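For reference, the structure discussed in these notes is given below.
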Amino acid sequence: MPVTLNQDSAKPAITRTHPGALSYYLILGSSLILLIFGITMVMSASSVTAIRTGASPYNDAKSQLLYAAIAIIPAYILSRISLVWLRRIALPALIGSWLLGALIFTPLAASKGGNAAWIVIPGINRTLQPSEFIKLTVVLFLAAVLSAHLKRLHDWHYLVVPLGAVGVSLALVLGGHDLGTAMILAMIVAVMLICARIPNKFLGLLALVGVAVLVFFIIDNPTRIARIMEFLPGVSHAEEGTSDALGYQPRHGRWALATGGVFGVGLGASREKWAYLPEAHNDYIFAIIGEELGLVGTSLVLVLFAVLAWGIFRLYQVLTDPFARLLAAGLGTWLIGQAFINIFVVLGLLPVIGVPLPLISSGGSSLISTIMAIGVLLACARTEPGASVALAQSTSAVRRSLSVVGRRARRR
């Protein structure tokens, strides 16, 4: 239930350990640790492939570090602006992401793994995946529109605009044959609609439409059908030792986890990354974590995502602004939902879908959009009762500490 702001919540007696700042620090702290851990694991998982292609073993890690540095600038801006401005930029941001997404139908389009979901950035030999940014802008736009009409959503006329925007977004994503991202986007939208409390009859109808679309895109692609058949117990179409067989990647992912045991074979000592496990630094990086760092390493990842989930859920519970609450619901579903879908795929609990592990998998578009989403969550966390005072006192304490250190250094 939402917590009502009381008269004492704005008193200066609040310290930086006050619960008002707790969600902010939970989200920021867990995200930073996951990011640092992810860059480390990308360096380990991609080193062999990089050397085989004649590049530096640190090549992918450097790229990941560069993407993180690029993302910090917009993320910081997003974390500092008010919710009023977030509302205002929601529509322009959505339209901008649509224009970016439409570029996959131009000569700039690039294909990877059967998906034409990337565009080439001219002049710098880099690719961009527009669908990652569409996820962020859809959350912003849905939160803005739904929160403005919360008491009118029983009338279907007020759902035409938000659902129309979702339809255009899904069409652009599916136009690049990226069913995995489309499923994540649909999951985000479903949770936001539930949190906005639209009538069950509308939810049921949308669920039927969603299932019908999903079934169509599965049966329309023989590879997707084969992946599902491969996932079913007692059914196998993979030939042992052939890396292009559909069951090869999931099998080697599970072997990597089994090899790691409790403590792992050691950081950098993975055997599966020696061209045995496809996408070892990307969608299947969790398997490399399990192999090199064992159950201890994978448990650490789960704990960090649990802390992030706690911070976001707590934020959703205590915020009073419907716009901020819907932002927390949508972004939390994206980050935590996608993380556990990726992990379940690696564990063999879901068929291969092809979505990265947020903040850990290699990939510039995914990392930049995820860090920007964290920035939006931090902006919401700053509006939590007591947070502004607590954060201001924390900043003042840091400045005083730096001032003392500086004076002592000058005396020496």
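Each residue's number is its place along the chain shown, starting with 1.
Using the three backbone atoms N, Cα and C, a Cβ is placed for every residue, glycine included.
Noted in TrEMBL for the protein shown:
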TRANSMEM  21-45  transmembrane segment
TRANSMEM  65-86  transmembrane segment
TRANSMEM  98-121  transmembrane segment
TRANSMEM  133-149  transmembrane segment
TRANSMEM  156-173  transmembrane segment
TRANSMEM  179-195  transmembrane segment
TRANSMEM  202-219  transmembrane segment
TRANSMEM  293-313  transmembrane segment
TRANSMEM  325-353  transmembrane segment
TRANSMEM  359-381  transmembrane segment
Beyond the flanks of the transmembrane segment (65-86) by 6 or more, those residues with Cβ under 8 Å of it:
35, 39, 140, 144, 321, 323-324, 327, 364, 367-368, 370-372, 374-376, 378-380, 382-383
Selection from 98-121, 133-149, 202-219, 359-381, the stretch that has most Cβ pairs under 8 A to the transmembrane segment (293-313):
359-381
Does the transmembrane segment (21-45) reach the transmembrane segment (156-173) with at least 3 CB pairs under 8 A, where each pair is 6 or more residues apart?
no
Would the transmembrane segment (133-149) and the transmembrane segment (202-219) count as touching if the test is at least 3 Cβ pairs under 8 Å, pairs 6 or more apart?
no
Who are the long-range neighbours of the transmembrane segment (156-173) in its own chain, taking Cβ under 8 Å and residues 6 or more past its ends?
94, 97-98, 101-102, 104, 117, 130-131, 134, 137-138, 141-142, 145-146, 149, 181-182, 185-186, 189, 198, 202, 206, 213
